[in-house]
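Under the heading domain 'ABC transmembrane type-1', TrEMBL lists 323-528. The annotation transmembrane segment is assigned in TrEMBL to 28-47, 67-85, 100-117, 124-143, 177-197, 313-331, 364-386, 440-459, 465-487.
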Amino acid sequence: LWGSQFWNSTETWFTNDPDFTPCFEQTALVWTPCAFYWLFVAFDFYYLKASLDRNIPWNKLNVSKALVNLGLLVITALDLIMALIKKGGDKELPLYDVDVWGPIIKFATFLLIFLFIPLNRKYGVQTTGCQFLFWFLLVVLSIPRCRTEVRLDTKRQEILSSEESTGEDFSWEEYQFASFFVFFTFSCIMLILNCFADGLPQQTKYQRGENEIPELSASFLSRITYQWFDKMALKGYRNPLEEKDLWDLRPQDSCSEVMPIFAHHWNQKVRKNYKNKARVEPKAQFSNGNVTFENPHGEKTGRKKGMASIMPPIYKSFGGVFLFGSLMKLFTDVLTFAQPQVLSLIIGFVEDREKDPQPQWKGILFSVLLFVLAAAQTFILGQYFHRMFIVGLRIRTALINAIYRKALRISNSTKKESTVGEIVNLMAVDAQRLMELTTYLNMIWSAPLQIGLALFFLWQQLGPSVLAGLAVMIILIPVNGVIASRIKTYQIRQMKYKDERVKLMNEVLSGIKVLKLYAWEPSFEKQV
């Protein structure tokens, strides 16, 4: 592709002065960020579709992004033209594939990002994580080529200073040096610009007040570092927080946004579980943010086919965010076990200093890599728990709303089948349990993965001794099963006591006057 090797371990790893090959620098280090953005560009389209705001006015930030991005397009197109002119017409400078495909791939990627600037402005998207990560990767992976270009230019200047000037035009190497550093400068500017969020949109579905949560207008960098929460933390450090200090709930997490989605999937599930579909079509109607339900049981003559499960509607309503959080959990688990491997390399580097010392740059590389892995795990784990708590909150909101609406619509004969205490417990306890379960539900697959990886790496260090720990875990499985069974039995019994207690308290509060007149407080207190 470049007239040189793609990878040369002698120049890159087994040396005191490491450097990548020119082919690797101009292909893998440039195409990797482009491939990343094309792979995850679907998230940018999703944010456009899911945005509740519209029409961000033109300002200094988005105009600067457009101009700098336009400059990158011009530089990239000029690279392709100059390659065809300089190398296509010179037999001494062969035209390689990377000279053509490199600018084309970069131009297509920059053009896509350029098109998203007006689209984000139109649909009210103030920040995008995919673009920030793209510019971050592009800048970081371009640093090795900066070193290479400076070295080549220094050598070229030394050669020119020792020879007489021929008076020719600038060479292809000189153009490549100037073009790359203009490209690198513009990429750094785009990275800095993407550290900030765009202006506030002019049209919003929900009115934004002075007490809105700062997360709505925070940049991607602020969100992953939770910098937007600093004011609340500082206020809580100085004075005890009160209810008036709290921010408004995000519109995406409000009942008016969550309930219609859940109601739609719930009614679809109900239709599949009841006959006489032609006569009764239970569905949710939405108007002005309010949800109204038709009776899913149909008329009294409708025949019941089966109970509708609550889980499929939950999957369909909130499964997307949950799966994205599961992907983050997978990355976190992998990074957790990657850190001990890097630590092992550091220990090996220190031990080899006495026998066969390795180059010092390897120790620095291992230390930096350990820090990067730990920082990445911290960022991803924080985002994972944040998203899982949001999913749990939305599930709790949907269930409480559905139970409350159902309790208001059931007939008198149906009310006899369920006590007030049972209904209150469904809303107060069971919905909360589902919210708490969501955060740790991924442990179903994460725990076996972590155990498997731990045993694999421990086997390499300890050998068959690992089987002793595995045997203890296997022996404890039936013990844990018995304990879990007893806990389940006690919890069921406890829930019955809670139902009876809530029902009794409701009767006490309803007939408090009679209770006081007959001085029945001690006896009812004992019953409660």
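Cβ coordinates come from backbone N, Cα and C, glycine included.
Given the structure is predicted, the values throughout are model-derived calculations rather than measurements.
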Have the transmembrane segment (124-143) and the transmembrane segment (28-47) got at least three CB pairs under 8 Å, pairs 6 or more apart in sequence?
yes
May I ask which of the stretches 67-85, 100-117, 364-386 has the most CB pairs under 8 A with the transmembrane segment (177-197)?
67-85
Below 8 angstroms Cβ to Cβ, which residues of this chain, lying six or more residues outside the transmembrane segment (28-47), approach it?
6, 20, 102, 105-106, 108-109, 112-113, 116, 125, 128-131, 133-135, 137-138, 141-142, 144-145
